[in-house]
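Input: one structure, supplied below.
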Amino acid sequence: MGLLIDGVWRDAWYDTKSSGGRFVRKESQYRGGLDAGFRGEPGRYHLYAGFACPWAHRVLIMRALKGLEEMISVSMVNAYMGENGWTFLPGDDVVPDSINGADYLYQVYTAADPTYTGRVTIPILWDKVEKRILNNESSEIIRILNSAFDDVGALPGDYYPAEFRPEIDRINARVYETLNNGVYRSGFATTQEAYEEAFYPLFDTLDWLEEHLTGREWLVGDRLTEADIRLFPTLVRFDAIYHGHFKCNLRRIADYPNLSRLVGKLASHERVAPTINLRHAKAHYYGSHPSVNPTGIVPVGPAQPLPGLTLQS
């Protein structure tokens, strides 16, 4: 995982020395498409994503739920992220860059801004007409996809309904800080103190979610919402990846009946299932983080995957 500095690629891991061993995620820089007047146009936008990344996964889920596969084209990165960051080099599940012809994701960023400085991440929502990055913040891209294409043929369904927004926002805030990002804060910590600061709140949140789901089918109200969509990619990767690779090993999701049920329900959803590729995700995490797993060995297990999943999912 490197970064661009004034448009020049640098292969550099995260700096944790200046933060006491803590992993600090930088904010996304492209935040367009959120104004009230924004309307989607079929064929105008292109998504850069990948099966490994949980942030991209939530966007792939929303794209599928809204039936936008024909309206928003996609490129999918290689599982392996090495000295050049994310790539479109040939490999399993890769969909080449048909828009900018990039071999490396950083070339998409420099196509938008030759002097860009910052991390090079997915997902990216690219505007083909203006030849620029519209947005690279996953939480905002899913909001765009949720409603911006409703008047041009998207499937019905509002996953951020007005009546539930305060509750969705409340759950999202805790889940992001302690769980979605918490697994990274645990896994990329370089001091014991920083690791434990992330570790214990993570499991407090899992315990809280398990209790919250008692007698409930979904996190908010009686329907699938954005809160479930944002939680699911972390849960689906947890036992096979985060439990071992990121040292989040107090409990498994399999030890939480209600959370396991939620995973099974979404993993078996006809539109969500094709977005899951656990084999690809395992290959990425275990093979692309030499500071965490120097040998690059990919574990075979778990022996009993979560409901709706297989080791080849």
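From the backbone N, Cα and C atoms, a Cβ is placed for every residue, glycine too.
Bear in mind that the values here come from a model prediction, so they are computed numbers and not experimental data.
When I checked Swiss-Prot for this same protein, it listed these features:
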type     : residues                                : note
ACT_SITE : C53                                     : active site, nucleophile
ACT_SITE : Y184                                    : active site, proton donor/acceptor
BINDING  : W86, R119, V120, T121, I122, E137, S138 : glutathione binding site
DOMAIN   : 161-285                                 : domain 'GST C-terminal'
Among all the protein chains here, how many other CB atoms are within 10 A of the CB of R119 (glutathione binding site)?
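A count of 19.
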How many Å lie between the Cα of the residue listed as 'active site, proton donor/acceptor' and the Cα of E137 (glutathione binding site)?
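The separation of the Cα atoms works out to 17 Å.
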Taking 10 A as the limit, how many CB atoms besides its own sit near the CB of I122 (glutathione binding site)?
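Taking every protein chain into account, the count is 22.
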Return the residues near S138 (glutathione binding site) by Cβ distance under 8 Å, restricted to its own chain and a separation of at least 6 in sequence.
S28, W55, A56, R58, V59, P123
Let me make sure I understand the structure: which of the recorded positions listed (W86, Y184) has the fewest other Cβ atoms within 10 A of its Cβ?
Y184
Cα-Cα separation of V120 (glutathione binding site) and the residue listed as 'active site, nucleophile', in Å?
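The residue listed as 'active site, nucleophile' has its Cα 13 Å from the Cα of V120 (glutathione binding site).
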Please count the residues of the domain 'GST C-terminal' (161-285) that DSSP assigns to helix (H, G, I), strand (E, B) and coil.
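Counts, helix then strand then coil: 91 helix, 0 strand, 34 coil.
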Sequence gap of 6 or more, C-beta under 8 Å: which same-chain residues meet both conditions with respect to E137 (glutathione binding site)?
E27, S28, Y30, R31
Tell me whether R119 (glutathione binding site) sits in a helix, a strand or coil according to DSSP.
strand
Whole-number answer please: how many Å between the C-alpha atoms of W86 (glutathione binding site) and the residue listed as 'active site, nucleophile'?
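Per the Cα atoms, W86 (glutathione binding site) and the residue listed as 'active site, nucleophile' stand 11 Å apart.
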Average the per-residue pLDDT over the domain 'GST C-terminal' (161-285) and send me the rounded value.
98
Compile a sequence-ordered list of residues in the same chain as the residue listed as 'active site, nucleophile', six or more apart from it, whose Cβ lies below 8 A from its Cβ; state 'none' when nothing qualifies.
I122, P123, H284
At its widest, how many Å does the recorded glutathione site span between Cα atoms of W86, R119, V120, T121, I122, E137, S138?
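Looking at W86, R119, V120, T121, I122, E137, S138 as a set, their Cα atoms extend up to 17 Å apart.
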